[in-house]
Amino acid sequence: MPRNTRRHSRYIPLEDPPESLDNLQPAQPGIEARYEPFQQAGAQDFQRAPDSSYDTANEYGGAGELHDLPETTQYAQPKVEISDANDKLPLWKAVKKYPRVVAYCFAVTTSILGWGYASVLISSVNNVDEFLHHFGEEMDGEWQIPGMWQSVWMSFDAVGGALGSAAGGWIQDRLGRKRSMIIGGVWSAVGVVIVFASDTPASVNGRRGMFLVGRMLEGFAVGIMKTTAMAYVSENAPTALRGSAMALFPTFTLVGQVLGTAVIMGVRAINLDNNYRIAFSTEWLFSILAVVLGIFLPESPSHLVRKNQTRKALESARKLYAPHVSPEKELDRIVASVRKEAEKAYKPGYLECFRGVNGRRTWIIVFTNVLPALFGLDLLSQASYFLLTIGMPSQMGLLFQLLGIALAIVANAASVWLLSRIGRRTATIPSLAAATLLWTAMGVAGFFSGTGMQYVTAVSMIAVILVCGLGAWPAGFAIMGETSALSLRAKSQAIGGISSHLTSIVVNFVLPLLYSRDGANLGSKTGFVYTALCAVAVVTSWLFIPEMKGRSALEIDHMFAIGLPARSFKAWRGDVALPV
């Protein structure tokens, strides 16, 4: 039997094959006619024989002999609904409708714990006296990390993240999401080994350099895992859950930061010369978690469809969407999206992300990835050290950071529900406007001194993370997950990750030089810098961010294709022509 045909016991030849598949009628009332692939040369069309027991699973090889479909195969179009009632389900009903995909998406987002954990560890470890004695130097009677080295560490961590994001996009398209997650976990473990042993060189600059290399490798691993997790969730989360699922990313980032801050506080109480090694060793747990996730997750069906592995795609769809939703129906919609994009002759490379209508979509993803840097997340993640530089005791600074993170987790948890009720623009723009005012209040406090100034600064920072944790931060992740074309999703998420890390390189290099005592020594006046950045973010969001809540991938593709202005997305109603 030829590879691109299947057994025809359930099909009968048409006596007079039609000139066009558009005119074919169902073989039996009430049953949709679906058509098998046919050979391009000398093809024989087949119409399904009347059989009320027919199951659409057979279309993908649910029983009997199975074959993968080659790229040259032509397909007749099954009936595909671009949206249905499930796309509009309330949050809790959608969770009950899709229990398995919710569990898998939740599991994938736990890989982000390591990202938050590592980000706070590199800044908060500067509050551990033993670490300062091994890696710092004495300034004005106090041990501190020089501002230049602090900047270099934070920046090269982001350099690693940018390189990892680029590699992650390439790895995902070639090896799949599962293997990409495993590779990220392995690289993470290697980076932790180097960080753990970084205090062994004799010279202080040797120790600092080795710590830098280890942090860069860990950043590389985080870049791979982050882009992989985001692509996986954005591809597989149902329309009704997509925004809420993507909102879990900042939630788990913050949970990781809480864990990191708590570990640092615990390590400070341990009287050992190299007690900070305990904190570094705990990072191996997140490396192991990533490898385990990669082993047990079902592969993303959309990746398998693009690789023409339809049998495996259906198997993954069954693991993700059964038992309350038809896996075959979900796979039909994925196949329709892939076909629609194939009509545009997309080549899944990085350059394609910037061509034509994809360029607009990519720049939206870039902006939303830069958004956390604009509302001040980099400074907020360094809160304990920043508060130390304005005179607050280190233990009090750690407590404020922990309180801020805890409140932000509550806000992010609330945003999971909120994003199922309100639009992305509604969540983003007001929260950025509020952050603009809060940063201004902190900047004004910088003109004063004493305990009052310190507390106003700390409260302002907590309020910013609370407001943005409820709105702009999780909404930005939802926008990232909705904007890109399906066939370019891995590459688009990689570009977004690269832009995020490149921004962090600049911000993390400049920030310590702005607020540290051996730099510009702005202190709380740094708030004015973020006043300006947040104001820019408000205007840009209003002009360019479209409303995509409740839209299927096919609808979003069409709205971008016809060039709808960002502020017209919400009101658009129309039909989408499906590929034949």
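The count begins at 1 with the first shown residue.
Glycine is treated like the rest: Cβ placed from N, Cα and C.
In TrEMBL, annotation is done automatically, which means it is predicted and not curated.
Sequence annotations record features per position, and here TrEMBL assigns region 'Disordered' to 1-27 (among others).
Look at TrEMBL and you will find 1-10 tagged as compositional bias 'Basic residues'.
If you look up TrEMBL, you'll see 40-73 (among others) marked as region 'Disordered'.
The transmembrane segment annotation in TrEMBL covers 101-122 (among others).
The average pLDDT for the domain 'Major facilitator superfamily (MFS) profile' (104-549) in the predicted structure is 90. Taken from TrEMBL, the feature domain 'Major facilitator superfamily (MFS) profile' applies to 104-549.
The list of residues near the transmembrane segment (180-198) in space but at least 6 beyond its ends in sequence, with Cβ under 8 angstroms from a Cβ of it, reads 108, 111, 114, 164, 168, 171-172, 207, 210-211, 213-222, 224-225, 228-229, 277, 280-281, 283-284, 286-291, 293-295, 297. The transmembrane segment feature in TrEMBL is assigned to 180-198 (among others).
Residues or ranges marked as transmembrane segment in TrEMBL: 210-233 (among others).
Same-chain neighbours of the transmembrane segment (245-270): 102, 105-106, 109-110, 112-121, 124-125, 127-129, 229-230, 233-234, 237, 276, 278-279, 282, 286, 381, 384, 395, 398, 401-402, 405-406, 408-409, 412-413, 415-416, 419, 469, 473-475, 477-478, 480-481, counting only residues six or more beyond its ends whose CB sits under 8 Å from a CB of the stretch. Residues or ranges marked as transmembrane segment in TrEMBL: 245-270 (among others).
As annotated by TrEMBL, transmembrane segment applies to 363-386 (among others). Long-range contacts of the transmembrane segment (363-386) within the same chain: residues 119-120, 123-124, 126-127, 150, 154, 257, 261, 394, 397-398, 400-401, 404, 428, 432, 435, 439, 458, 461, 464-465, 468, 472-473, 476-477, 479-480, 483-484, 492-493, 495-497, 499-500, 503-504, 507-508, 511-512, 515, 526, 530, 533-534, 536-537, 540, 544-546, each at least 6 residues beyond the stretch ends and with a Cβ under 8 Å from a Cβ of the stretch.
Summarising the annotation, TrEMBL assigns transmembrane segment to 398-419 (among others).
Beyond its flanks by at least six residues, the transmembrane segment (431-449) meets 374-376, 456-457, 460-461, 463-464, 467-468, 470-472, 475, 522-528, 530-531, 534-535, 537-538, 541 of its own chain at Cβ-Cβ distances under 8 Å. Here TrEMBL flags 431-449 (among others) as transmembrane segment.
Here TrEMBL flags 455-473 (among others) as transmembrane segment.
Beyond the transmembrane segment (494-515), the same-chain residues lying 6 or more positions past its ends with a Cβ under 8 Å from any Cβ of the stretch are 147-148, 150-152, 154-162, 164-166, 168-170, 172, 219, 223, 226-227, 230, 350, 353, 362, 365-366, 368-370, 372-373, 378-379, 382, 386, 389-390, 480, 521-523, 526, 529. What TrEMBL records for 494-515 (among others) is transmembrane segment.
Nonlocal intrachain contacts for the transmembrane segment (527-545), taken as residues 6+ away from its ends with a CB within less than 8 angstroms of a stretch CB, comprise 363-364, 367-368, 371, 373-376, 379, 424-425, 428-429, 432-433, 435-436, 439-446, 457, 460, 464, 472, 479, 514, 566. TrEMBL lists 527-545 (among others) with the feature transmembrane segment.
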